[in-house]
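Copied over from TrEMBL, here are the features:
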TRANSMEM  16-36  transmembrane segment
TRANSMEM  48-67  transmembrane segment
TRANSMEM  79-96  transmembrane segment
TRANSMEM  102-124  transmembrane segment
TRANSMEM  136-163  transmembrane segment
TRANSMEM  169-187  transmembrane segment
TRANSMEM  223-244  transmembrane segment
TRANSMEM  264-282  transmembrane segment
TRANSMEM  294-312  transmembrane segment
TRANSMEM  318-335  transmembrane segment
TRANSMEM  356-375  transmembrane segment
TRANSMEM  381-398  transmembrane segment
Amino acid sequence: MISTANSTFSAFRNNYLAVYLTVMMSDWLQGPYLYALYHSYNFSMYDIAVLFITGFVSGAIFGTLIANTADVWGRKKMALLFCVTSSTASLIRLSSNYHYLIASHLLSGLSTALLYCVFEAWYISQHQRKGFAPALIGATFSTAIFLNGLVAILAGIVSNIVVEWSGSLAAPFVVSAGTLVFAGLLISSSWEENYGESKTNASGSVLKSMLEGLVVLKSDVNILSLGMAQTVFECCMYTFVLLYTPALELAIKNQGNKESLLPLGYLFSGMMFCSMLGSLAFKILSSRGIQTDSLLSLALFVAGSSFCFIVLNTANTSYTVLAFLLFEFTTGMYFPSIGTLRAQAIPEQNRTGVMAFLRVPMNFAVIAIMLRVDSMPMTEIFQICALLNFVGGLVILWRSLDPSRGAGGYTAAKTVEESHEM
C-alpha cells in the first residue's frame, strides 16, 4: 500500500517537474543574451532599461489582473496562456523595431506574473487535493530548484552554441519559442484543471477573488513579512539581471583588459550551477531540522554580502565573477525557502491572487531602481541592493523569533469566510 502511494506521488511530482522544467528552460534560454541583443540593436542603457521597466509595469498591472483570474477561470488555462504570451514575446524580439519590443515586454511582463504564480498554485492545489503529505511540498520545490539549476546550465550552453553556430544573438529566442510549444502540449495532455475554492463555492467573480486576496494579505502579518522578503530579494535579482553584463564589462575595462565578445552563455551556466548548489544546500540543511525561516534569512544576508563584494571589486574581473556566483548560490536557497513558507501561510481559496499581489511592490521597486540606471553609478545601485537584502534578512529573522509561530511554524491565514465566522 505504501509502495503504491509512493509511486502515485512520484508520477504526480514527475509530471509537474516535466512541465515546470520545460517552461523554465524557455525562460533561461532568453537570459544570457537579452542585454547583448538589445545592445547590438544600438539601444542605449536607458532605452534598454525602459524595455525592462515596461515588462515590470505590465507584470504589476496586467499580470496581476490576469493571475487573479486563475483562481476563478482555471490554473491550467492560465498556464497555457503563459505559453502563448511568452512564445509570442520571444519571437517579437527578432525585430529591432523599438515599438515592437515594447509590445514584447508588455507580453513578457504578463507571462512572468503567470509563471511565478500559476504553476506553483496548480501544484500545491493538486498536491493537497490528492492527500499527499504536506512535507513533500517543500521536498518537491527543492528538487524543482535543483533540477532547474541543471536546466539553466544546459540553457546557457545551448544559447552559447546556437549563437556561435548561427552568428545571431537572436537565435536563443527562437529555440525558446519552440520549447514553449512543447510545454503547451505537455500541459494540454497531462494536467487536470483546478481552481481556487471560491470557484467550487460558486462565490462569483474575478473581482471578488481579487478583493478577498487583498483582505487576506492585509490581515496577516506573516504573509506581509514574506511579501517584504520577496520584494527586496526579487527586486535585487531582476536588477542584477539587467546589470551583471555591464558590470562585468566595467570590471574588464577598469582592469585594463581589452573588451571582446564575452562567453555570456557559459558564464550564465556557471551562475546557474551555483544556484543548483544553493538548492542542494537548502535540502541538506532543512533535512537536518533547520527552520525554513532561518534558511531564508541566511539567503538574504549572504545575498546582501555578495552585492557588497561587487561594490568593493569593480576593478577585478575574477572577484566580480565570484560575487556573481555567490549571489546565484543564494537564489538556489531563496526559491525553495520562500515557496515552502508561502505554501504554509497562504490559504488555498485565494492562493493565486495573493501570490500575484505579493509581486506588485517588487515590480514597482524594480521600476524605481531602473529609472535611475542611466544617471546613478552602478556601484550605488548595488549598494542599495545590499541594504535591501540586509533589511529583508532582519525581517525574516524577526519572523523566525516570533513566539506566536510555535514549534510547528505558521499555519495558513484565515480565509474571508472563516474570518466572518469568527
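Note that Cβ sites are derived from N, Cα and C of the backbone, with glycine treated the same way.
Note that the coordinates shown come from a computational prediction; the quantities given were computed from them, not determined experimentally.
By the Cβ criterion (distance under 8 Å, sequence gap of 6 or more), the transmembrane segment (79-96) is not counted as touching the transmembrane segment (294-312), fewer than 3 such pairs being found.
The list of residues near the transmembrane segment (169-187) in space but at least 6 beyond its ends in sequence, with Cβ under 8 angstroms from a Cβ of it, reads 18-19, 22-23, 25-27, 29-30, 32-33, 36-37, 40, 76, 79-80, 83-84, 86-87, 90-91, 93-94, 158-159, 162-163. In summary, the transmembrane segment (102-124) lies against the transmembrane segment (356-375): three or more C-beta pairs, each 6 or more positions apart in sequence, are under 8 Å. When each of the listed stretches 48-67, 223-244, 294-312, 381-398 is scored by C-beta pairs under 8 angstroms to the transmembrane segment (356-375), 48-67 comes out highest. Where the transmembrane segment (381-398) meets the stretches 48-67, 223-244, 264-282, 294-312, 318-335, the count of C-beta pairs under 8 angstroms peaks at 294-312. A Cβ distance under 8 Å defines the sequence-distant neighbours of the transmembrane segment (294-312), meaning residues of its chain 6+ beyond its ends; these are 229, 232-233, 236, 247, 278, 282, 285-286, 319-320, 322-324, 326-327, 329-331, 333-334, 337-338, 341, 379, 382-383, 385-390, 392-394, 396-397, 400. Two recorded stretches are said to be in contact when at least 3 C-beta pairs lie under 8 angstroms, sequence spacing 6 or more; the transmembrane segment (16-36) and the transmembrane segment (264-282) meet this definition.
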